Amino acid sequence: MLNRENKTAITRKGMVSNRLNKFSIRKYTVGTASILVGTTLIFGLGNQEAKAAESTNKELNEATTSASDNQSSDKVDMQQLNQEDNTKNDNQKEMVSSQGNETTSNGNKLIEKESVQSTTGNKVEVSTAKSDEQASPKSTNEDLNTKQTISNQEALQPDLQENKSVVNVQPTNEENKKVDAKTESTTLNVKSDAIKSNDETLVDNNSNSNNENNADIILPKSTAPKRLNTRMRIAAVQPSSTEAKNVNDLITSNTTLTVVDADKNNKIVPAQDYLSLKSQITVDDKVKSGDYFTIKYSDTVQVYGLNPEDIKNIGDIKDPNNGETIATAKHDTANNLITYTFTDYVDRFNSVQMGINYSIYMDADTIPVSKNDVEFNVTIGNTTTKTTANIQYPDYVVNEKNSIGSAFTETVSHVGNKENPGYYKQTIYVNPSENSLTNAKLKVQAYHSSYPNNIGQINKDVTDIKIYQVPKGYTLNKGYDVNTKELTDVTNQYLQKITYGDNNSAVIDFGNADSAYVVMVNTKFQYTNSESPTLVQMATLSSTGNKSVSTGNALGFTNNQSGGAGQEVYKIGNYVWEDTNKNGVQELGEKGVGNVTVTVFDNNTNTKVGEAVTKEDGSYLIPNLPNGDYRVEFSNLPKGYEVTPSKQGNNEELDSNGLSSVITVNGKDNLSADLGIYKPKYNLGDYVWEDTNKNGIQDQDEKGISGVTVTLKDENGNVLKTVTTDADGKYKFTDLDNGNYKVEFTTPEGYTPTTVTSGSDIEKDSNGLTTTGVINGADNMTLDSGFYKTPKYNLGNYVWEDTNKDGKQDSTEKGISGVTVTLKNENGEVLQTTKTDKDGKYQFTGLENGTYKVEFETPSGYTPTQVGSGTDEGIDSNGTSTTGVIKDKDNDTIDSGFYKPTYNLGDYVWEDTNKNGVQDKDEKGISGVTVTLKDENDKVLKTVTTDENGKYQFTDLNNGTYKVEFETPSGYTPTSVTSGNDTEKDSNGLTTTGVIKDADNMTLDSGFYKTPKYSLGDYVWYDSNKDGKQDSTEKGIKDVKVTLLNEKGEVIGTTKTDENGKYCFDNLDSGKYKVIFEKPAGLTQTGTNTTEDDKDADGGEVDVTITDHDDFTLDNGYYEEETSDSDSDSDSDSDSDRDSDSDSDSDSDSDSDSDSDSDSDSDSDSDRDSDSDSDSDSDSDSDSDSDSDSDSDSDSDSDSDSDSDSDSDSDSDSDSDSDSDSDSDSDSDSDSDSDSDSDSDSDSDSDSDSDSDSDSDSDSDSDSDSDSDSDSDSDSDSDSDSDSDSDSDSDSDSDSDSDSDSDSDSDSDSDSDSDSDSDSDAGKHTPVKPMSTTKDHHNKAKALPETGNENSGSNNATLFGGLFAALGSLLLFGRRKKQNK
């Protein structure tokens, strides 16, 4: 910080003397409550500007997080700036913040980091091995009353070194002039910001006068120059080499490369800390103009910071005494190389030495993350210097799920340039932790109340914001060196979501975000011509449900320096200065005096050998003097000045020689001829002290009070000067004329003035707050003022959770943190606000006697406990608002207790035996029922089970809305919901909502009744008349197997009918079931669904639905099949049918009349061939054939009329067919059809029907004697027939007939089995057996749809069956023909 009155640098220790010609602005960490930017201006020797050491305030090292969503955790870094003059760019290096914000209760605290270079040794040295080294000027603390124009301004006096002269003869005056033109240098080259005063001296700071970035520097007259002690040897000017040559081997250097932990926190961070490069370089005299040497640095090093234009800061090396350029710099940043090319300076001077002192930086691009043992190296000439460091980046600022980090990554500032003030870039990492955030918003603001001179700005006219999405799992560079090619540019997605606001801010609405983002803010500086502008920019991330978090960055300035000098010979000179303290010694802050005449005489001849007039800075130089003794005389002193004492101290270069003195030149320059003069002035002041015993007298052990403001006024009350007391309580007003003055002391905070004019010693007493001082030809150092500390006390104690609600602090009860406590005065004005710490403690400090009001804010979810319980006010609760009195001691009795109110929710689960949905007196609870409690978002909170009485309860619940779910107990059904008007007696169902509002809720009940069970069953009877109805004379069939399947087809029960044909399945729930009756051996399924549901047959498989009642309607009937021989004849007919022959055969069938009908059927047979469609017709025919036929037809139905053919063969036959059907009951489906039956044939097999066919053996039927033969055949026939049946499918009718003949054969079941094979054939044409029906929930039978059944029977069986069938047909056909005749 620049103290503009005294122009002194303020460090953490207070005032320091001006020490280093180096311009720097230091970096500070900024707190959340207030931000101070401290800047220290120091001017450097060389024209090179070293960037500021990157440092953060270690004292402010912890991110502050707030307790509410509208408060944020701020973290701001003060990044160092390198401010240039009005036409130059600022050199800035960013500082990533350590995590720190700190606020103090007694105002804004500024803590300054150490300067990058802070010793008096940072200057160019010129020396040879033969030199008589001159002592450098002594640095002493400036008198605090001295007003300075430049802070930290060192008396500019380089070390002067000796060189032997090349020429030993005394030069002529003309020669002297020539040498002067070449070698005289009386100005200083200082590269820094331009600072102007009323008196200005122009100093060239760069050899390239056309470079607008290297503007001239104007130093005020008050700046003391370096003593021009440089002793140079004039070299014969030699032509420079025609060819540039690398002279690294002719350069020797003594180099140190040091890692500087700027904030001394033992953590090295590229953006905070830096490298100090110091080197003393000696140039061999063989080096010529145009030769060059190099400085090579490793890829972990960078030579400039944030400002790309700052590369010039490590630039040309100049002689600070005369401004001449020694070597010019050229940068090759791509190869990390600086090339220095020598000018003709090295041709004209011997033994050139150069010193460089640079601050260089760690390159975050090559150090993206924390890493140990990172190497940094610099090679000057052929000498490499190395060092290593453990790099440790700071963490991001995190608060709950919010996380953020930021840094300035580029700044170009043109101070004083209205048209192009420059720009800066800030890089912000949003949500680097990659948490899922809701309603995430980023606010960027170039404003902070503690920085009224902030030159940052954000608005839509000058600001460009880029937004990049970071891939999941991507590692961001912790030095904020971002490779955007590896990220996704999503700027266009957010163009409409960026809102610019007042006060230089912009808000970006990210919405719901679960990835990290990089936001780059590129904006312009505001115009400024301030010598110490500040740049502060904040970034705050907020999201729903999380506390906001903030970070920020700020900047400061500094310079690098370099320089060199050759050595020249034989000059006399130095300096005339104003010795303000009249001690005869040159000291810092004492300025030169111009226009004083200096005349030099040869002391032996009294001949005048030179004359000069001091320049504005007080310097002079008279060159080209040979060895000898010379008399130096000063004249033409400014009016009113007197000569200071001579020969003071032991340093001839700093003392005064008086108006006339004799000095000797002996093989080297003599630059010690100085003169000190002063204008008589007087001082007024003394001391401000702490009067600890309050007696009004300065006692020996009482100490001064620093920082007290003292104001000097003239007799008319006009303010002349204002100072503050130093660390010892001293103050002084200087440069005062004789007269009367008024002195006023400002009472320091926390103090009270002591008594006035106690005792008789005016130098020891207190003059009070206002006094008069007189100066009369002498200093007046008697004006003192004493103060004693105003007594201060504390008030506070404790906020605790009163778990037992008794209003008293128990030993097991703990404090509540984060409770806001407010202190007010008696008038109700807020004095202080604080929050309880982690232990519930709070305290207000620094309070005077008085009455105060203390208010406690009730923490969320708590209720204040009872007040004033018991007699011990140290442990009771004072409530949420109370009064506290301080009377000469602390008051630590003001406490407040709170408790968390919690409630219960629950009631009862009961068995509602009467199912009325209301708890009746005699109904009991159900134990073991699982009850689940959920919050409004369906998150399970607790689960309990009802106790032995059906009771349940959830405890320790806060106010809110909850969901309660009851699990239906096994064997029960939920009762009706919300019956009646009594909410405490009704059932709330399986799921209900319960609200707790400052009371228990014990109304959530649920009722269940036992789930009823049902029975299913009825009767299996012998349907002797085959009419499909249960007649009173028909009896049940015993031991019929009945199987019960559930809806999934799983067997859940098996039983057998009792001796009366009855069966029953019990304990069934409502639902869908299937009942399967196993057909008794030798019986045939009777017709189904022929009459009322409780009297008919339901078939072999029945689907049934039980809905809240028993079902005793599931019956089934069977009968025994009859046989007929003549049928076999008809079979033969059927043969002819089979021929499908010609219907004429079927005509012959017509003999058997109806057969003829059936013939026609048979015709249809042929149709049947075309397809069993006609068979279906034939069915009807078959019907016509005979009822019994029709039975078989019903078989044949499925069978496609082939049956009907067979029917047509003979009605009875068709019966027999039905026999055979029964065999191939399939036949019953028109036999072979039934062969599809054959599947059922397998029935028929089981029928062994064939046995009954063996009836058909009775086929002996003579009908076909041959039949009977065929019977034996029939066996095979049966097979083959059946097979043929299947063949005959189209014919199958007649086949099936023949089958039916041979059916009996098919009796050989096994054949029939083979039938079933053929059946499979037949199956292709025949319908599935009609034994399965479906019942709806009304218990009405529904016919099942017909489906084909394909069997894998033997093809050979089919073939043989076909052949036998054909043979049988021919025989029968021939026989019938004979009969017809």
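All residue numbers here begin at 1 and follow the chain in the order shown.
In case you wondered, yes, glycine gets a Cβ from its N, Cα and C as well.
Sequence annotations record features per position, and here Swiss-Prot assigns signal peptide to 1-35.
What Swiss-Prot records for 23-34 is motif 'YSIRK-G/S signaling motif', and it gives similarity to another entry as the kind of evidence.
Marked as region 'Ligand binding A region' by Swiss-Prot: 36-568.
The compositional bias 'Polar residues' annotation in Swiss-Prot covers 62-71 (among others).
What Swiss-Prot records for 94-108 (among others) is compositional bias 'Polar residues'.
What Swiss-Prot lists as compositional bias 'Basic and acidic residues' is 130-145 (among others).
Annotation comment: Swiss-Prot describes 146-155 (among others) as compositional bias 'Polar residues'.
The annotation compositional bias 'Polar residues' is assigned in Swiss-Prot to 163-173 (among others).
Annotation comment: Swiss-Prot describes 174-183 (among others) as compositional bias 'Basic and acidic residues'.
Marked as domain 'CNA-B 2' by Swiss-Prot: 681-791.
Counting residues per DSSP class in helix, strand and coil order gives 0 helix, 54 strand, 56 coil for the domain 'CNA-B 3' (792-901). Annotation source Swiss-Prot lists domain 'CNA-B 3' at 792-901.
According to Swiss-Prot, the compositional bias 'Polar residues' annotation covers 860-869 (among others). Same-chain neighbours of the compositional bias 'Polar residues' (860-869): 801-802, 805-808, 816, 876-880, 896-901, 958, counting only residues six or more beyond its ends whose CB sits under 8 Å from a CB of the stretch.
Listed as Cβ neighbours of the compositional bias 'Polar residues' (972-981) (distance under 8 Å, sequence separation of 6 or more from its ends, same chain) are residues 911-912, 915-918, 926, 966, 987-990, 1006-1011. Feature annotation from Swiss-Prot assigns compositional bias 'Polar residues' to 972-981 (among others).
Residues or ranges marked as domain 'CNA-B 5' in Swiss-Prot: 1013-1123.
Taking H, G and I as helix, E and B as strand and the rest as coil, DSSP gives the compositional bias 'Acidic residues' (1091-1101) the counts 0 helix, 2 strand, 9 coil. Under the heading compositional bias 'Acidic residues', Swiss-Prot lists 1091-1101 (among others).
What Swiss-Prot records for 1118-1134 (among others) is compositional bias 'Acidic residues'.
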Reduced to three DSSP states, the compositional bias 'Polar residues' (972-981) has 0 helix, 3 strand, 7 coil
